[in-house]
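Report on the following structure.
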Amino acid sequence: MEFKDLISSLNLIRLLPEGIVTILLVFILLIDLTFQKRVLSWLLYIPLVGLVCSMVVLLRQWGSQDTLSFLGSFQGDSLSIAFRFFILLSAVLCILLSKEYVERSRTALTEFFVLLLTAVIGGMLLSGANDLIMIFLSLETLGLSSYLLTGYMKKDLRSNEAAIKYLLIGAASSSILLYGLSLLYGLSGGAIEISTIAKNIVDKGLSQSFASWVALIFITVGIGFKVAAAPFHQWAPDVYEGSPTPVVAFLSVGSKAAGLALATRILTTLFPYLTNEWHLLFQVLASLSMILGNLIAISQTSMKRMLGYSSVSQAGFLMIGLIAGNPNGYSSMLVYMLLYIFMNLGAFACIILFGLKAGTDQIRDYAGLYRKDPFLVFCFSISLLSLGGIPPLAGFFGKLYLFWSGWQSGFYILVFIGLFTSVISIYYYLRVIKVMIVTEPQEMSIYVQRYTQRRWSITQLQPIELGIGLCVLGSVLAGVLVNPIINIAQQTVLYTPLLQQSEELMRTLTF
């Protein structure tokens, strides 16, 4: 086979978005080595432009038919395009939030960008991984870069502690997940492509075997750790509290998107004849995540820990769409994931901005902030209320679509739990807003008293202010434009043969 024929057979055009991010990563390293600090002022815009270019190329591939790439190792279907877009969008917003934070910490901005882009590459590859080798390599790429990002503030003891905890728990969860995949590798007779593994296991009559059950349990546990679902969530609040806030912002959405993409592809492909079983397992995970995440969040005094437990509950909400297992379920998961990016990153952006001025993330220290910076309080309130699902904000319509799809699929108890815990979440979100808008001067915290008001000007927007504006606009406008977003999500599911085959199989098993 000639070289050009080999390149053509690999269908590398499907990996062009990842290629752009890789070239961007190397380019940033070369610029830093060549110019050092002389280009620090405009270094921020290089990854932003590169990531936006990658997003444009990615969107142009949406709805394509020839999706397999790299000899079947990568699946560039519309489902993977959606999740890869989410990861790129998360990275763009996090870069906007990080510049001032990293500069204040007197650490290298280039190192932060390189580690973040490496995590982006790992997450994007994981979203389309189609065989065991690609799953392992992309999982470790995402994991290792995330551990390094968590410990990025080398002189901060809390950051170091968070990195060690994340490393140990992440390594354990990866081992558990890989052990489950290795069982399937053995049952299939040595196949590595996930569709071939499923076919071989069914042909050999091992789809209901004890080993398949064990593999399902191990894979479920591994995925539960990756998306911070209860009861495998213990690492999340500690890591969220100790890590640099821009890193936490990315982990809360980017890693969750990659984990959900992996869960959707593995569960619908590898366990088509254990659908009822994995549905039951994930119903338990979703219920525990929504209940424990929201109940424990009530008692938190740290803003980052509160959002950490909130992230656990959000994983439970997202699982409702996965469990529904029909086009509306999958599309509701995609819609809510997109909305969650804006809501959650908007909240973290406000925490970063306040922390830069006040140097604290304790909820009580936000007391009276409305008197000093009413616009920041407004943006923070919009993000929190949207996370709580208050109409007419985007979070309300996202949860409504999720609950409707779950109800239509017959998961009534799960929907009731989601509704009940959403009310609980509104309570602790409103508690934060109440603290910020106290009007009595004597109730104002000492940190707010020292707080210097930021001048918000459209003509002189700082990157973090632009990031906050985009997130708040997303949280508001996405509620107005929710119908077009739902239509795009439904088309994404329609263009993904994997999800269509899964639905047909579920109907066959039901009847």
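A Cβ is built for glycine as well, from the same backbone N, Cα and C atoms used for every other residue.
Record features, source Swiss-Prot:
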- 15-35: transmembrane segment (TRANSMEM)
- 39-59: transmembrane segment (TRANSMEM)
- 78-98: transmembrane segment (TRANSMEM)
- 108-128: transmembrane segment (TRANSMEM)
- 132-152: transmembrane segment (TRANSMEM)
- 167-187: transmembrane segment (TRANSMEM)
- 210-230: transmembrane segment (TRANSMEM)
- 278-298: transmembrane segment (TRANSMEM)
- 306-326: transmembrane segment (TRANSMEM)
- 334-354: transmembrane segment (TRANSMEM)
- 377-397: transmembrane segment (TRANSMEM)
- 466-486: transmembrane segment (TRANSMEM)
Top Cβ-contact partner of the transmembrane segment (377-397) among 15-35, 132-152, 334-354, 466-486 (pairs under 8 Å): 466-486
Message: Please tell me whether the transmembrane segment (334-354) and the transmembrane segment (78-98) touch - that is, whether there are at least 3 C-beta pairs under 8 Å between them, with each pair 6 or more apart in sequence.
response: yes
Message: Are there residues at least six beyond either end of the transmembrane segment (167-187) with Cβ under 8 Å to its Cβ atoms? List them, or say none.
response: 132, 135-136, 139-140, 143, 146-147, 197, 200-201, 204, 206, 209, 211-212, 214-219, 221-223, 225-226, 232, 234-235, 270
- prompt: In the same chain, which residue numbers or ranges, 6 or more beyond the ends of the transmembrane segment (210-230), come under 8 angstroms Cβ to Cβ?
  reply: 169-170, 172-174, 176-181, 183-184, 186-187, 201, 236, 255-256, 258-260, 262-263, 266-267, 270-271, 274, 277-278, 281-282, 285-286, 288-289, 291-293, 311-312, 315-316, 318-319
Task: Using a Cβ distance cut-off of under 8 Å, indicate which of 15-35, 132-152, 278-298 has the most pairs with the transmembrane segment (78-98).
output: 15-35
Query: Excluding the flanking five residues on each side, which residues at least 6 beyond the ends of the transmembrane segment (306-326) place their CB within less than 8 Å of a CB in that stretch?
result: 227-230, 233, 236-237, 239-241, 248, 252, 256, 260, 263-264, 267-268, 275, 279, 282-283, 285-290, 292-294, 296-297, 300, 332-334, 336-337, 340, 344, 347-348, 351, 363, 387, 399, 402-403, 405-406, 408-409, 411, 414-415, 418, 421, 425, 428, 432, 502-503, 506
Residues of the parent chain within Cβ reach of the transmembrane segment (108-128), under 8 Å, 6 or more residues beyond its termini: 14, 17-18, 21-22, 24-25, 28-29, 31-32, 40, 43-44, 47, 51, 74-77, 80, 83-84, 87-88, 91, 94-95, 98-99, 102, 134-135, 137-143, 145-146, 148-149, 152, 246, 250, 254-255, 257-258, 261-262
